[in-house]
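Written out below as structure tokens is the structure these notes cover.
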Amino acid sequence: MTPPDGGSTTPAVTRPVGHHHGDLRNALEAAALDLLAERGPSGFTLNEVSRRAGVSKAAPYKHFADKDDLLASLVQRCYERQHSAFSTAVAEAATPTDALVAFAAAYVRFAAEEPALFTLTFGGTLDKAAHPRLEEAGNRVLDVITAPAQDLAQDADDAHRLVLAIAANAHGFAVFHLQGVIARLDLAVGQAERCASLLTQA
């Protein structure tokens, strides 16, 4: 039957409460990253992530077992972004020494650009041993400089030590910058580059 006003008799569709996301996982990770930057890894709950993302409290459990699982996903994202950034920097280098120096510079810059992700990944809050996939992702980051280190080293053990020394050097200056010990990014990057160059000559 047609209603008096001439409108349709089709019943109205009731939309579910909450906002629908075409990519729920990315929406949750983005919300968690915002909260991470504001409050640190211990300063929010999974329910707060849901509210920030505009979804139901049950929504995160479609992708994550708990908050630590969500944080582990962010750590993996950090490693993947590092791998991409460092691979690009190393690929543009003309010599093995230049590659290791470029890695050190890119490492410090990454920490400055992604402080929340960097601090979560290396701050010791998350038990990485409970998430075995993270070890592989972290090793892939160091693999970026394995080849240039091998070109400079006398043997495999020497190359491994050089990789660790370059990474430790870069990490130290990244932390110094984030903590304000070396507040100017250009100075932190420059120091990391100089020390990396010296390490290749040791």
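Quick reminder: no glycine exception, Cβ is built from N, Cα and C everywhere.
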Identify the DNA-binding region range according to TrEMBL, selecting from 45-64, 65-84, 145-164.
45-64
Run through the DNA-binding region (45-64) and tell me, per DSSP, how many residues are helix, strand and coil.
12 helix, 0 strand, 8 coil
